[in-house]
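Shown next, in structure tokens, is the structure this report addresses.
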Amino acid sequence: MPIDKTNPFQEDVNPFDSEDEFNFELGDGNRSSQHAKSNDNKVTFDEPRDTRKPHLDESLSFENTADADSFDGHSYQQTPDIGRFNHNESGTFDDIELENDNNAETPAMKRLRLGTQRNKKGKPLIGRTKTLKWAKENLYNPFEDFIKEEDAFDDAGMKNRADELRTVYYNMDLPDDMLDEEGKPLADYARNKIRTTKYTPLTFLPKNILFQFQNFANVYFLMLIILGAFQIFGVTNPGLSAVPLIVIVIITAIKDGVEDSRRTVLDLEVNNTRTHILEGVPNGNISADNVSMWRKFKKANTRLLVKFIDYCKSRFSEEGRRKRAMRQRNHLRVQHARAQGDTDMPRNSLDSVGSYRFSAEYGRPSLDENGADGMANEGHIIDRTLPPRTDCKFSKDFWKNVKVGDIVRIHNNDEIPADVILLASSDNDGACYLETKNLDGETNLKVRQSLSTTLDIRNSRDVARSRFWVESEGPHANLYSYEGNLKYIDTKDGDLKNEPITINNMLLRGCTLRNTKWAMGIVMFTGDETKIMLNAGVTPTKKSRISRELNFSVLINFLILFILCFISAIINGVSYSKHPASRDYFEFGIIGGTASTAGFVTFWVAVILYQSLVPISLYISVEIIKTAQAAFIYGDVLLYNARLDYPCTPKSWNISDDLGQIEYIFSDKTGTLTQNIMEFKKCTINGVSYGRAYTEALAGLRKRQGVDVESESRHEKEGIARDREIMIKDLMHLSDNSQFYPEDITFVSKEFTDDLKAKNGEVQQKCCQHFMLALALCHSVLVEKNKVDPNRLDIKAQSPDEAALVTTARDMGFSFVGSTKQGMIIEIQGVQKEFQILNILEFNSSRKRMSCIVKIPAANPEEEPKALLICKGADSVIFSRLSTKAGANDEQLLEKTALHLEQYATEGLRTLCIAQKEISWPAYQKWNAKYNAAAAVLTNREEQLDAVADAIERDLILLGGTAIEDRLQDGVPDSIAILVQAGIKLWVLTGDKVETAINIGFSCNLLNNEMELLVIKTSGEDVKEYGTEPSQIVDNLVSTYLREKFGLGGTEMELANAKADHEHPKGNFAVIVDGEALKLLLNDEDMRRKFLLLCKNCRAVLCCRVSPSQKAAVVKLVKNTLDVMTLAIGDGSNDVAMIQSADVGIGIAGEEGRQAVMCSDYAIGQFRYLTRLLLVHGRWSYKRLAEMIPSFFYKNVIFTLTLFWYGIYNNFDGSYLFEYTFIMFYNLAFTSLPVIFLGILDQDVSDTVSLVVPQLYRVGILRLEWKQTKFLWYMLDGLYQSCISFFFPYCVYRKTMIVTKNGLGIDHRYDVGVMVASIAVISCNLHILLHQYRWDWFSVTWIALSCLVLFFWTGIWSSVLHSKDLYKAASRIYDTPAFWAVFFVGVCYCLLPRFTLDCCRKFFYPTDVEIVREMWARGDFDHYPTGYDPTDPDRPKIVKPGKLGEHPVSINSRGIELRDNYGFGSVSQESVLTEEIPMNILNDAAGSPTALRVEENRQTWGDSPKETQDLLFSPRLKDEGKGTFEPQTGSTLRQSTVPQNRTSLDHTREQMLSSNQLDNRYSVERARMSLELPGIKNAEGLLDARKSFHRDR
């Protein structure tokens, strides 16, 4: 390594220490085994002996060139540079760099650590760890120069730790510079044990208490309790006053504990998942005994807790007692057998469960050699001269015990436990297949390649005889990037070898191994340092918006409290300074001694007296209400998913009111909107369209045209079911297909089976057969036997689209049943045939196609065979590569196929094209030689292979096209439509490609044909005019869209105006942005602002190819900048960061693992349940809390201010107007239950009406129900009613103080307090009743009981002597007519003003809900059954209209309005505004949809000259085999008026529409695009692509 002369602490550490010298030759680069000599061309390093380093028998010689960057001393690709700094100096991972030293007197390197100051015993005075720490802080580090500042943080704002380089050694001792003075590793890697919980059993109590007391109100109540403990402040019972706070803390802690315990259980499941770890080879990278005392203490507690739980289960549960009895029986059986000397005991049938049987591979010499040629490589990392180690084996262990540097073996269908570098797999080529749904949301399998140097490792003995080390970058969140190097000493020649490691050699945690028996690798990152956990972030603590805004209301009350206390203190202090006064004669002095001190004491006495202004009972009431709301959500049977047996599960109970204020929803695509199921629906063969389907996109299009979609859908599905039955019968009669399973058929077309039976001619029959055979041959799928039915073969594919194609070919009688060494076995109509596959040109994202080359045997031995290339791929790619030779492709056929594909895309289907090309055998051999040469190169292999494949995938002949539906989850389009009507904006953030996302956008009706798609991308021919740099292009694109489409400039003032605008976007635009462009947009503040303004003015936003951290960054951008409520929903681990960043996170319990559900706030079974969760439960929760909280403040203001009014007449000396039990029971029994039941049970409208009229949800978006003005209004109302409650009884006593008929006095302050309390309590409860929408027997009963409890308690308590001054007060007060007079008058005066004002407002200025409630009471919604869910696909048909027809609500520019024939027109003042949709019904003359039918007369094609494997010959293939396709002479042409030359596309479309070859029910107009974008299909574009491709050539 290069010597830094500026660093006195650098050691001369050489990773190749040996007794021999290392000779580095400079010049010709020839390796030499001679020992080093000191001359001008050679540098000799005398290396001290170190027994811990690997010893070499030969010295190593490395080439040196003038350029250090081009230095490569081995046969592999040079190590990639991590970074750059001064000139040509390489980065950290460059090979050893030597400087040419012409001076013979080369100074020897010294270990400067020997100069460390030591004590008399020889121990250093300063430890090495402190020395290195000092050096890091004070000395220059050259690597810091090439760490770019912009790379310090990733696209989500997380710290990028890629510069924290690490080196991991396997089967080797660590060098000295990686050890401390005690010989232990310096590196401290994260454990593989993860924790998504907030608490642990030990930290729960202190951490939860600390969190609760971050709430200032709790601190305030604690302070009051402390003050009350001093007798000077006159608190009657300090202990009793502490009970409410204690109860609140305990209840909140229990709730938090229950919430967190669910995450704990899921964490335990993950951490205790088993994997296979190599034992026997010590791992020196981790200190085995480096366990802190704290961890030991926690482990001991955990063991005790587990033992205690097991003990309780075995003693108190039935299952535990049964298992305990079984263990005892087994123990007695073993003891009995041993006592009898029987060592051959019969084995229990379950003894093998969970056991591991070690493989008896040792001593098998056949496994010690490279048996396959494909396994040989230029490097030799295994030292086969060493004897096999029998102590090394793979054993099962928990994920949490996996450490950095461990060798792990993952089996098929197992999840990857950590980030692992792939060393070898069961495949001879070292490849394995990964399912990455949890990471990036993509369902197709990914191929990962093992390192070529470790390819021949096959078992534990091989890896135990290997030695190497890995130089790696540090952990970072980028899922698509990794850089590292594997280095080792070649066991044959002793050379240092190196192989670069990329992301294609990594197995990331969270992925699942598929279609591979096993894979073996070395662990590089564990636990929180894995990419999936870095993208997940830290589990946040969420508080609802109302709870956050409640703090401001509490502060206002604190201000009022301070004012009241200050007034009390001033008046009391001033009154004590006045003389003479009665206290001069009846008191023995004041407590403070002086007036100022008395005022000070009075201030704190008043704080205790008026403490109810900041009610402690409010917080416990809110917790009770939110807990009840969570229980209601969990118990809602309409949110229960029967297939998964999963209800809606609230995991965060305190944010239910946020569900009623959501304005932006951020959704994943795969598994959230879709089912991860691809179904083959339609195809076009020889210009004929087959397949009958009614897709969601088509239903949405027809709905916008004004068609009754439910009736049409029901009619179409009935027709599809009939055709399906006919098709199944025909297929069963056609052949004996061993792999025919009728329940799997998704392609329904009775016309296709008719053509298979040659009802429309032999030519079309052969075209259909040839097309299906092409689908059965051109793929890379695998088959394996079904576990339940061994005769059934399950298809395992890299892509679900490919699985759908092969499955449909199987259903039609062309079954792929297995592979051989040379090709595939296809069962054709019940007969198995083998086809030799010469080459497979695999699919990748840049090629967008795959091909296979099939060998066609010669007809006779004298002739040469031929090769047939079958290519399938994106329709635009295939069309661009079609041959333009005369007669090769019928131009009219191309037009018809393009129009069919255009129609399929309009229906929301994913389209592919199939084409072929015949190749002569000499031409194939010439091409194959080039292909093999490209496959053998070591540099730029992928690029050269793509170039060779591109050369042969040209001049193709079109066979047809396919259309596949990416199945949406049930009710997704209806859910999205309802959410949009509610005023909610939906953004789709997906890791999938752009084409797929756009298709789903149309399928779920997020996009429609009337929209203009604004594309933001970084590259392409059509964006060159916007700049040269990607950032410049993106900035100019966004600025242009803002200026031209919306007239905006992206200023801060415009953004401020946008924050106040919550209307739905008016324009018909949608934004499509990819991951690269999004990364640039998020990195610059100006671009972020412009991008946000652009998206806010568009109806839909699709972000494609985005990473998990980018999803979180987008959510944070919208949430923090626009100050809106956000919700994120997803089902995979790649959605965790987004879920945690949003105000509300929803996890779908689907197919992509448990991580999203673990980290979510609510877990549901399907996307459609989100509609009910928001519009019903969310809206109810928001309205209930928005009414309950100000009502709570209102009732406390009434009671507290009466004490203040009483203070006017006692100089604010702190005496109580009420007997102490009245103060205690006011918030506990007299007024607590009505307001709590208001927050739990109140409903403005039913759940059905909430879903039928989604516009009611808008009040939550606009935050109309809870505002500070509403809070202040309720406070003023409480102030008014407190005056009535106090001064009305005061006026009774004011003149004579005699109010009884017998002249007996009831003039004690407690007697007056009974009158005041009676008016305050009754008026308060009746006020709650008047503001409650739903009056049911339960709520009314509890309000009545709360009122009666006041009189009941007064009578009972005043009847006992313990009431003291209140004794017999009830009998005297209630017997006085004056009490009842002032009571009724006072209550009426309290309620009358507010009641009058509410009536006037509802009559003249009604709100949306008040109008809808009138309609509901009138019966306009009675035709909807109870529990009606418009998103349920099995919902009943609504046939009975309401009294005013199907649409009783009129929506216009003024808001929601009743129909005129109701008697009057009431218009709300707050309603959502919607845009009218143009209705165009394009049916036939009879008004019914027309069906598709095939032409009767078709072109007759020539037959194949061969009888064996004749299906490989296209019917249009001439016998000459010259690679051109020409119609046979004498063939019958189609009877058509179209001329023979290529007609216009419009003419062809009109002809097809008139002959019902195209569906004429709807227009095939596609969305307008601002830029070229994949996924938007139109016939003109496909045909133009063919022209432009050949023109460029």
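Every residue gets a Cβ built from N, Cα and C, even glycine.
Given the ranges 240-256, 1090-1106, 1192-1208, the record in TrEMBL names 1192-1208 as transmembrane segment. Counting Cβ atoms from all protein chains shown, ARG1105 (ATP binding site) has 21 others lying within 10 Å of its own Cβ. Stretch with the largest number of CB pairs closer than 8 A to the transmembrane segment (1378-1397), among 216-233, 1192-1208, 1310-1330: 1310-1330. Of all Cβ atoms in the shown protein chains, 37 besides its own fall within 10 Å of the Cβ of ASP1135 (Mg(2+) binding site). The binding-site residues under consideration are THR670, ASP1131. Their Cβ neighbour counts within 10 Å are lowest for THR670. In this structure, the CA atom of THR670 (Mg(2+) binding site) is 9 Å away from the CA atom of GLY991 (ATP binding site). Comparing C-alpha positions, ARG910 (ATP binding site) sits nearest to ASP668 among the recorded positions ASP668, ASP1131, ASP1135. Looking at ARG910, GLY991, ASN1134, the binding-site residues in this record, the fewest other C-beta atoms within 10 angstroms of the C-beta turn up around ARG910. Sequence-distant neighbours of the transmembrane segment (216-233) (same chain, 6+ residues past either end, Cβ-Cβ under 8 Å): 241-242, 244-245, 248-249, 551, 554, 558, 591, 601, 604-605, 607-608, 611, 614, 616, 619. Measuring Cα to Cα from ASP668 (active site, 4-aspartylphosphate intermediate), the binding-site residues that fall within 10 Å are GLY991, ASN1134, ASP1135, out of GLY991, ARG1105, ASN1134, ASP1135.
Secondary structure of the domain 'P-type ATPase N-terminal' (187-239), assigned with DSSP and counted as helix (H, G, I), strand (E, B) and coil, comes to 27 helix, 0 strand, 26 coil. The ATP site in the record is lined by ASP668, LYS669, THR670, GLU802, PHE843, LYS872, ARG910, THR990, GLY991, ASP992, ARG1105, LYS1111, ASN1134, ASP1135, and its two most distant CA atoms lie 33 Å apart. Fewest Cβ neighbours within 10 Å among the recorded positions ASP668, PHE843: this applies to PHE843.
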